[in-house]
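**Student:** Straight from Swiss-Prot, here's the annotation block:
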type     : residues                                             : note
BINDING  : 10-17, 23-24, Arg62, 89-92, Lys100, 116-117, 160-161 : substrate binding site
ACT_SITE : His11                                                : active site, tele-phosphohistidine intermediate
ACT_SITE : Glu89                                                : active site, proton donor/acceptor
SITE     : His159                                               : site 'Transition state stabilizer'
Amino acid sequence: MSERLLVLVRHGQSEWNLKNLFTGWKDPDLTEQGVAEAREAGRKLKAQGLVFDVAYTSVLTRAQHTLDLILGELGQKGLPTEKNLALNERDYGDLSGLNKDDARKKWGEDQVLIWRRSYDVPPPGGESLKDTLARALPYYVQEILPSVLNGKRTLVAAHGNSLRALIMVLEKLSPEGILKRELATGVPIIYRLNADSTVASKLDLAG
């Protein structure tokens, strides 16, 4: 029986995470801490005895750099990798590049909270979580999931909100449930799937 392995990891801390800025499709790189988080993710996966056949990531530097560092720790630098904007972070539109405290001053605490935490209300010029799922989910179903079900050990390095789309399907969460799910930077989540694509086991490598 082939192993149906899927590992998800959010990119390590970025320069804009550190500065408390809305990032979205803007393209800052990792901080020193983010680099360390990505390397630690690779070491944790190696300690689990994992190797991969294929990887998927976004077109944004912070996710690609995270993937590269993980693969370096695994000794798998040449791993076939698909890069697709379907896995990009949620586009925060007019909020992109703004300090979160400054955004609260401009639009008010309640409005910014609605944009950040509601399922289907987008910020001006940007995407809601529902919009993000609408592009990430088809990519998962059409590209990533068939790879896993065909026995390819699959690693996905992406972003908090695009990974929420995958987790929503994997764990059968409601919109309310996925909104409450926080994903730490640089922490791998290991799923093993049944033949019908349901989750057989899950291991979160936090800590």
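Glycine residues also receive a Cβ, built from the backbone N, Cα and C atoms like all the rest.
Values in this document were obtained by computation on a predicted structure and should not be read as measured data.
Show me how these features fit into the structure around them.
**Tutor:** If you draw a 10 Å sphere around the CB of Gln13 (substrate binding site), it holds 22 other CB atoms from the protein chains shown.
The Cβ of His11 (active site, tele-phosphohistidine intermediate) has 31 neighbouring Cβ atoms from other residues within 10 Å, across all protein chains displayed.
According to DSSP, Glu89 (active site, proton donor/acceptor) is assigned to coil rather than to any helix or strand. The local packing around Glu89 (active site, proton donor/acceptor), expressed as other Cβ atoms within 10 Å of its Cβ over all shown chains, amounts to 26.
Counting every protein chain shown, the Cβ of His159 (site 'Transition state stabilizer') has 27 other Cβ atoms within 10 Å.
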**Student:** Considering only the binding-site residues Arg10, Gln13, Trp16, Lys100, Gly160, which residue has the minimal Cα-Cα separation from Glu89 (active site, proton donor/acceptor)?
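**Tutor:** Its closest listed neighbour, by Cα, is Gly160.
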**Student:** Among all protein chains shown, how many Cβ atoms are found within 10 Å of the Cβ of Gly160 (substrate binding site), not counting that one?
**Tutor:** 18
**Student:** Provide, as an integer number of angstrom, the distance between the C-alpha atoms of Gly160 (substrate binding site) and His11 (active site, tele-phosphohistidine intermediate).
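**Tutor:** Approximately 8 Å lies between the Cα of Gly160 (substrate binding site) and that of His11 (active site, tele-phosphohistidine intermediate).
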**Student:** Which residue, out of the binding-site residues Arg90, Lys100, shows the minimum number of other Cβ atoms inside 10 Å of its Cβ in this structure?
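**Tutor:** It is Lys100 that, of the binding-site residues Arg90, Lys100, has the fewest other Cβ atoms within 10 Å.
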**Student:** Taking the Cβ of Arg10 (substrate binding site) as reference, which residues of that chain separated by at least 6 in sequence fall under 8 Å from it?
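**Tutor:** Those within reach of Arg10 (substrate binding site), by Cβ under 8 Å and sequence separation of 6 or more, are Ala157, Ala158, His159, Gly160, Leu163, Leu183, Ala184, Thr185, Gly186, Val187.
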